[in-house]
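Peer 1: Here it is, the structure in full.
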Amino acid sequence: MADYQDKNVVIIGLGLTGLSCVDFFLARGVTPRVMDTRVTPPGLDKLPQEVERHVGGLNDEWLLAADLIVASPGIALAHPSLSAAASAGVEIVGDIELFCREAQEPIVAITGSNGKSTVTTLVGEMAKAAGVNVGVGGNIGLPALMLLDADRELYVLELSSFQLETTSSLQAAAATVLNVTEDHMDRYPFGLQQYRAAKLRVYEKAKVCVVNADDALTMPVRGADERCVSFGVNMGDYHLNRQQGETWLRVKGEKVLNVKEMKLSGQHNYTNALAALALADAVGLPRASSLKALTTFTGLAHRFQLALEHNGVRWINDSKATNVGSTEAALNGLHVDGTLHLLLGGDGKSADFSPLTRYLTGDRIRLYCFGRDGAQLAALRPEIAQQTETMEEAMRLLAPRVQPGDMVLLSPACASLDQFKNFEQRGDVFTRLAKELG
């Protein structure tokens, strides 16, 4: 455990994570200073009186005088103020690094462009099914520091590339990079390989690395080694097996579960289940209780979630698809009896949308594109696309056209912040309108 006594600590970014960092230091007899670029950041009213704060920008004087800066994942390490502090020899970490220095029990660490939250939650459910005292959080749910507890037996953390950039003490019992597709390119000026390098940090010092046999970018830099266990659709130690119209989860040649026993649907969710099972096995959770958890887990909100089924039409809320890879995952292997009405749009974060083109073929698909990058998305296949300003306009446009057997799918391939507070609000609006229009 690290000693922070007499250290000049500055925390950048409030919110729940920033407050968890403040509490962490106060509990150790250190009073940090806090700054946030927002004028009224969330959590400001909960900040103890004795904690100095600076809002509406960064305070370079504080940063240069610090011994330790705890930076929110929301601020780029390339920010001039942080670069100057780093050049002056100031140590810069994130809340995950603080957590890793304290945690005594095994950590399962999960990153990837898509599927992180589902796999993290699933491994947590598998641990609970085995009666293990588990802390689940990180980039989902509770901040990592709020999970620290002497009674814990296991931690399961979802980690973003931003969090991994400031983490060097992670020694995961099992770690995975589920997949690597373009995301956050606005934060990675050197492109996909720079983003991938941040993700791959999760494997450093890991006991077991769970890699995706279908995605070479998830392999450790030096290639697969004896630490690696693989999952994939048709290949890998954990893979899918299709026989006589049935699909099974299979481990090293042995069928372990028929997917019809699972509440989750879709090929991407079956591979998520394989990854979760590989991680659970790697930390010694009993296979029987892990499989039981797979049969009861209903999935997470806004992730290929059935919002409404009415008059033979399914309305699917996949608002969490905030990047191209996530929408590809939703469309890959998707079966629709009638026409697919696909809602795309929002802020594309400088991504290349062209990988979607291969899924937009045939005459049983219609595109409804909205938001900041709607025009770019409509240009993928203009003859079947209609562009509107908002998602609501798009939904009112498509509603009279749907027939029994059709599917209306919100899988926007974009962030939501151009028109919504977050992807959850976008999904909630979709669900409300589906119930009104369907």
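Heads up, the Cβ atoms here are built off N, Cα and C, so glycines get one too.
Not my notes, these are from Swiss-Prot:
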BINDING   GLY112, SER113, ASN114, GLY115, LYS116, SER117, THR118  ATP binding site
Peer 1: To see if you understand the setup: which same-chain residues, six or more apart in sequence, place their Cβ under 8 Å from that of GLY115 (ATP binding site)?
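Peer 2: Once residues fewer than 6 apart are set aside, GLY115 (ATP binding site) is near LEU178, ASN179, HIS268, THR271, ASN272, ALA275, ALA329.
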Peer 1: Have a look around ASN114 (ATP binding site) and count the other CB atoms within 10 A of its CB, chains all included.
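Peer 2: Other Cβ atoms within 10 Å of ASN114 (ATP binding site): 26.
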Peer 1: Let me know how many other Cβ atoms fall within 10 Å of the Cβ of LYS116 (ATP binding site).
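Peer 2: The Cβ of LYS116 (ATP binding site) has 24 Cβ neighbours within 10 Å.
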Peer 1: How many other Cβ atoms sit within 10 Å of the Cβ of SER113 (ATP binding site)?
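Peer 2: Looking across every protein chain shown, the total is 26.
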Peer 1: Quick check on the binding-site residues: of SER117, THR118, whose CB has the lowest count of neighbouring CB atoms inside 10 Å?
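Peer 2: With the binding-site residues SER117, THR118, fewest surrounding Cβ atoms within 10 Å: SER117.
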Peer 1: Under a three-state reduction of DSSP output, how is ASN114 (ATP binding site) classified: helix, strand, or coil?
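Peer 2: In three-state terms, ASN114 (ATP binding site) counts as coil.
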Peer 1: How many neighbouring Cβ atoms, not counting its own, are there within 10 Å of the Cβ of GLY112 (ATP binding site)?
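Peer 2: The answer is 26 other Cβ atoms.
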Peer 1: Centre the Cβ atoms of GLY112, SER113, ASN114, GLY115, LYS116, SER117, THR118, go out 8 Å, and tell me which other residues of that chain have a Cβ in range of the ATP site.
Peer 2: ILE110, VAL119, LEU178, ASN179, ASN272, SER326
